[in-house]
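According to TrEMBL, the protein carries these features:
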TRANSMEM  25-45  transmembrane segment
DOMAIN    25-255  domain 'ABC transmembrane type-2'
TRANSMEM  57-84  transmembrane segment
TRANSMEM  105-133  transmembrane segment
TRANSMEM  139-160  transmembrane segment
TRANSMEM  172-192  transmembrane segment
TRANSMEM  234-252  transmembrane segment
Amino acid sequence: MSTPVLAHTGLITSRWLRAQFRSPALIAFTLVQPAIWLLLFGQLFKGIVDLPGFGSTSYIAFLTPGIVMMTALMSSGWNGTTFITDMERGVMDRMLASPVRRGALMAGQLISNATSTAIQALLVFGIGLAAGARYDGGVVGFLVTVAASVLIGTAFGSLSNAVALLTRQQEALIGISQFVSLPLTFMSSIMIDPKLAPHWVEVAARFNPVDWATIAARESLSANPDWGSAGRHGLYLLAFTLVVAYLSTRAFRTYQRSV
């Protein structure tokens, strides 16, 4: 990556980060939402550990990595709204007419999203530990979990951007985001082992990027991690992220040609 692209990416990243930190409501929502999910679902489903074959004695320890991924997924689904706002205000067109490198416009926004995702992961882990979750994976397991959440955030942030660039409508983006994120959440191992769910859910989970991230996180945090499984699912997730990021750049070029 050339020096101008790096410099422009840094400028765009700082723009989005400043916008986030200047919005108290956004910061409060970002901090409170995952806490509510973790504590609410942790209490609602804590009896699941008594089911034969569940494989864990602490539901909060089981749930915490899943909520990290759920938070990354849900938050990144709104990524494209910033692009639509820029389009409506004419900011995007002015950016395209400026010397700013095109790749920096997309990369800067995704880096900003990745930073927010990492901060949310720290928050969820902190709440989980305070609620009694304990992990033997140590620092390595923690870093793998944060990395997996960042990949999930980047992948679905890119998808959100692509939808925004193609539809240019907030309503369409919100509808598609909900349509995608909710099934991916519940057809995964975020809240329950898919082996305890209907067979078709277990099959669907095998092709679910959110489940890949959750498995990689849980394996890396366990006392005896299966690094083969964690690495394999991590590679699946990385490949998915790269494919979606490429499709997002194609959507950006389509938008450029239309203005």
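Cβ coordinates come from backbone N, Cα and C, glycine included.
Same-chain neighbours of the transmembrane segment (25-45): 59-60, 63-64, 67-68, 70-71, 74-75, 116, 119-120, 123-124, 127-128, 131, 191-192, counting only residues six or more beyond its ends whose CB sits under 8 Å from a CB of the stretch.
Comparing 57-84, 105-133, 172-192, 234-252 for CB pairs under 8 angstroms to the transmembrane segment (139-160), the maximum falls on 57-84.
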